[in-house]
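Trainee: TrEMBL feature annotations, pasted as is:
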- 29-50: region 'Disordered' (REGION)
- 131-153: transmembrane segment (TRANSMEM)
- 216-238: transmembrane segment (TRANSMEM)
- 258-278: transmembrane segment (TRANSMEM)
- 290-306: transmembrane segment (TRANSMEM)
- 318-342: transmembrane segment (TRANSMEM)
- 391-417: transmembrane segment (TRANSMEM)
- 429-448: transmembrane segment (TRANSMEM)
- 502-522: transmembrane segment (TRANSMEM)
- 529-548: transmembrane segment (TRANSMEM)
- 576-601: transmembrane segment (TRANSMEM)
- 661-725: domain 'CBS' (DOMAIN)
- 759-816: domain 'CBS' (DOMAIN)
Amino acid sequence: MWGMVRRELARSSGGEYVLVHQQEQHGVRQVHEDNSANGNQHRGFSMSSDDDMIDITTTGTVTERSIHYDDPGTSHFAADGDEIPGIGQYEDFHTIDWQRDIARDRMRHRYIVKRRQNSLFDLVKGAHDAWSGWVCVLLVGLTTGVVAGVIDIGASWMSDLKYGICPSRFWFNREQCCWSSNETTSFETGNCSDWLTWSEVLGQSRTGAGAYIISYLMYIAWALLFASLAASLVRMFAPYACGSGIPEIKTILSGFIIRGYLGKWTLIIKSVGIMLSVSAGLSLGKEGPMVHIACCIGNILSYLFPKYGRNEAKKREILSAAAAAGVSVAFGAPIGGVLFSLEEVSYYFPLKTLWRSFFCALVAAFVLHSINPFGNEHSVLFFVEYNNPWIFFELVPFVGLGIIGGVIAAIFIRANLYWCKYRKTSKLGQYPVTEVLIVTAVTAVLAYPNPYTRMSTSELIYLLFRKCGVTNTDDLCDYNRNFTDVKSAVDLASAGPKVYRAMWLLVLALIFKLLATVFTFGIKVPCGLFIPSLCLGAIVGRIVGIGMEQLAFNYPHIWVFSGECSTMKDCITPGLYAMVGAAAVLGGVTRMTVSLVVVMFELTGGVRYIVPLMAAAMASKWVGDALGSHGVYDAHINLNGYPFLDSKEEFAHTSLAADVMQPKRNETLSVLTQDSMTVEDVETLMKETEHNGFPVVVSRESQYLVGFVLRRDLNLALAQARRAVEGLRPSSLVLFTSNSPQQPPQPGTPAPLLLKNILDMAPITITDQTPMETVVDMFRKLGLRQTLVTHNGRLLGVITKKDVLRYVKQLDNEDPNSVLFN
């Protein structure tokens with residue numbers, strides 16, 4: 001906290017508050033390709049840059065903004081407590097100043113507390129400020145729950161449109177249409193007399209070759225219609241609505257600004273688009289995009305509360321809570337949502353944010369349960385009721401499933417990254433809608449013949465998780481059992497021919513789903529990875545579970561089965577293996593551990609199976625880390641060049657700050673002097689260099705560091721001076737010190753231009769012998785954007801966040817020039 005203390009105590013001799021913009025919380029730096037040097041809004045003291053100071057290759061023009069210089073002794077807040085207009089705003093593709101925003105919020109809070117005793121209005125205002133955070137997350141939770149309920153209901157209805165329609169109540173999906181029917185319907189078809197397939201609507205019979213062809217063609221036609229609508233809406237109205245959104249959310253929560261990514265149009269198009277994408281039958285899920293949708297809601301609602309809407313660092317507390325609510329409504333897992341936000345997406349997660357995230361996730365889950373989009377008493381997707389305890393020996397196949405899941409995840413990540421790179425570098429990327437239609441057509445044509453790929457992925461997962469009982473008619477439950485008493489326990493039995501047929505179909509479904517997901521994740525429609533990953537693992541797990549079940553039936557007296565299975569009772573639960581396998585693949589794809597286990601047992605209600613889930617999740621993570629260093633979200637962050645410095649990774653290289661700083665030794669460093677440069681000298685320096693900031697030194701001979709000034713602030717200050725100061729000439733001295741010149745100005749000599757206000761007098765500094773491991777830790781834990789390198793107090797160079805990222809990539813034998821926002 002020492003940087004914060006220095007910041008608040010830095011005052012000039014005249015009592016003027018000098019806002020020294022150190023970052024101590026988490027921020028990152030990014031090059032902006034246009035107008036990065038000068039085109040930003042001025043914010044108060046103009047010490048709030050979000051630009052890099054080195055390697056900016058373009059400069060823009062100064063926009064007309066009101067520039068406010070406070071009188072000596074005043075702070076950033078006017079007499080009425082309102083902030084200066086425009087303060088705290090950032091340009092697109094820039095990084096927030098965590099330290100400045102936190103200090104601003106602290107000053108605002110102190111001002112409100114100080115005024116509370118003045119009047120009843122100020123007391124109410126202080127109370128509102130105290131509980132505005134809780135009100136904001138309450139609204140976020142309520143809205144997220146409602147939106148999730150609408151998406152679940154809409155996706156279910158449109159998915160069933162591919163198969164038929166309910167003529168009496170067209171707004172009912174297939175399951176709701178058959179509720180009033182007393183007929184027994186199979187899980188595979190789900191049809192009843194109230195539900196008409198498209199062949200029946202067109203006057204044909206329900207079964208037969210003609211009915212099959214008509215249903216096949218209607219399935220493909222509806223899929224293409226839904227996919228084309230989704231891709232067109234994304235392309236025309238909200239390009240940021242495509243994909244999962246979690247890599248970008250992680251980058252935004254680390255302090256990066258992507259304007260429009262959490263806007264109202266993105267929210268609307270993502271919500272509609274994910275319903276269309278899921279209904280098209282593509283190999284994707286709506287659960288991942290729910291995190292993006294919830295963060296859009298959090299961003300929009302935060303503007304109702306200036307405490308959060310005008311302060312980007314505070315807004316990220318709301319976004320972290322919104323991410324937890326997104327997972328909560330996606331899976332009906334509020335605790336897992338909080339842990340997911342903590343483990344996977346949030347970069348800065350204080351205890352206060354933990355409480356609010358818990359509350360937000362709870363409210364969202366309650367609202368979704370009240371809406372009841374799944375039509376049952378459970379608020380989870382795949383509720384299961386297993387009564388049998390697991391056998392200790394089963395930990396071996398559970399760990400084996402974890403290993404298989406890690407291998408499948410590594411294969412998927414490598415293949416998907418290869419395809420995404422090809423898409424970015426080839427002409428394919430220029431035709432996003434065409435690619436969506438091709439992927440949709442191929443998926444629909446190949447998916448329909450197999451009943452396990454024809455049904456929606458969520459239905460398939462539920463089918464694989466289910467325990468076989470008396471009423472199950474699916475092929476997976478075709479066992480040679482003789483049910484004499486419905487209430488008795490289900491005995492172990494040999495598998496019938498339909499079980500083996502179903503296993504072959506599941507193997508084909510596994511290969512198809514894996515390939516389809518590789519080509520689907522990354523196309524220009526909203527798409528998530530949670531459900532496809534769960535499906536891949538559930539298929540593998542069910543196959544392994546059936547194998548273990550038949551092994552126990554045929555060899556019940558082997559020592560591993562001799563206790564529990566010797567009585568021929570149902571000691572092996574294939575559905576449990578499907579659940580463990582699903583967790584294994586999802587853990588390998590995302591590299592989640594704690595939050596994954598909690599999400600899985602909340603998702604299924606299988607609390608007693610935490611140990612098998614933990615064993616599979618850890619095995620999957622170890623195998624995944626051995627075969628690839630990144631999960632799919634971190635891999636896509638690197639692929640897109642987002643400026644994200646992962647706090648979980650270790651810097652294992654031995655090097656010094658002098659090896660990374662710019663410029664290198666024996667090269668000239670562009671600096672400003674505190675009292676010996678004229679306006680013309682400063683303008684010439686800015687024309688000849690492209691740096692986005694300049695250290696200020698005592699003199700060129702001494703090179704002793706005084707402070708740091710940003711190029712944008714300098715441009716804005718000079719532009720304001722030309723408009724407001726009479727007699728300003730190119731020969732006017734520019735002073736970055738409060739001390740007056742020793743010699744009184746001669747008659748006719750222009751008055752000096754005082755720019756002490758825009759000087760950062762307490763920049764973070766290191767020595768040239770500081771180990772880079774320490775430097776990287778400073779950038780991660782203090783959220784620095786740049787640090788100055790000195791030797792015995794004399795300035796040597798500068799290290800920016802981009803320099804660190806480039807250096808790390810260079811040491812890892814990667815392209816250092818990929819650290820750009822693409």
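Residue numbering: from 1, along the chain as shown.
A Cβ is built for glycine as well, from the same backbone N, Cα and C atoms used for every other residue.
Note that the structure is predicted; figures quoted are calculated from it, not measured.
Help me see these features in their spatial surroundings.
Mentor: Sequence-remote contacts of a segment are chain residues at least 6 beyond its ends whose Cβ falls under 8 Å from one of its Cβ atoms, and for the transmembrane segment (258-278) they are 91-93, 147, 150-151, 154-155, 158-159, 226-227, 229-230, 233-234, 237-238, 240-242, 245, 248, 251-252, 284-286, 289-290, 292-293, 295-300, 319, 456, 525-528.
Beyond its flanks by at least six residues, the transmembrane segment (290-306) meets 83, 132-133, 135-136, 139-140, 143-144, 147-148, 151, 244-246, 248-249, 252, 262-264, 266-267, 270-271, 274, 315, 318-319, 321-323, 325-327, 329-330, 345, 364, 526, 528 of its own chain at Cβ-Cβ distances under 8 Å.
Counting same-chain residues at least six beyond the ends of the transmembrane segment (391-417), those with a Cβ under 8 angstroms from any Cβ of the stretch are 514, 517-518, 521-522, 533, 536-537, 540-541, 544, 548, 560-561, 563-564, 571-572, 577, 580-581, 583-589, 611-612, 615-624, 626-628, 630-632, 635-636, 639.
Within its own chain, the transmembrane segment (429-448) is flanked in space by residues 216, 219-220, 223-224, 227-228, 230-232, 235, 280-283, 423, 454, 512, 516, 519-520, 523-525, which lie at least six positions past its ends and keep a Cβ under 8 Å from the stretch.
Beyond the transmembrane segment (502-522), the same-chain residues lying 6 or more positions past its ends with a Cβ under 8 Å from any Cβ of the stretch are 243-244, 282-284, 408, 411-412, 415-416, 419-420, 423, 439, 443, 446-447, 450-453, 457, 460, 474-476, 478, 529, 532-533, 535-536, 539-540, 542-543, 546, 632.
For the transmembrane segment (529-548), the residues of the chain that approach it from at least six positions outside its boundaries are 244, 283-288, 330-331, 394, 397, 400-401, 404-405, 408-409, 412, 457-458, 460-461, 464-465, 476, 495, 499, 503, 506-507, 509-510, 513-514, 517, 520-521, 572-586, 589-590, 632, judged by C-beta separation under 8 angstroms.
Panel annotation: around the transmembrane segment (576-601), residues 327, 331, 333, 335-337, 339-340, 342-344, 384, 386, 390, 397-398, 401-402, 404-410, 412-413, 461, 464-465, 529-530, 533-542, 544-545, 548, 607, 609-610, 612-614, 616-621, 623-625, 630-634 of the same chain, lying at least six beyond its termini, place a Cβ under 8 Å from a Cβ of the stretch.
Helix, strand and coil content of the domain 'CBS' (661-725), in residues and according to DSSP, is 24 helix, 17 strand, 24 coil.
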Trainee: Provide the three-state DSSP residue tally for the domain 'CBS' (759-816): helix first, then strand, then coil.
Mentor: 22 helix, 18 strand, 18 coil
Trainee: Go through the chain and flag residues at least 6 beyond the ends of the transmembrane segment (131-153) whose CB is under 8 A from any CB in it; none is fine as an answer.
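Mentor: For the transmembrane segment (131-153), the nonlocal Cβ contacts are 271, 274-275, 286, 290, 293-294, 297-298, 301-302, 304-305, 307-308, 317-318, 321-322, 325-326, 328-330, 352, 356-357, 359-368, 370-371, 373-374.
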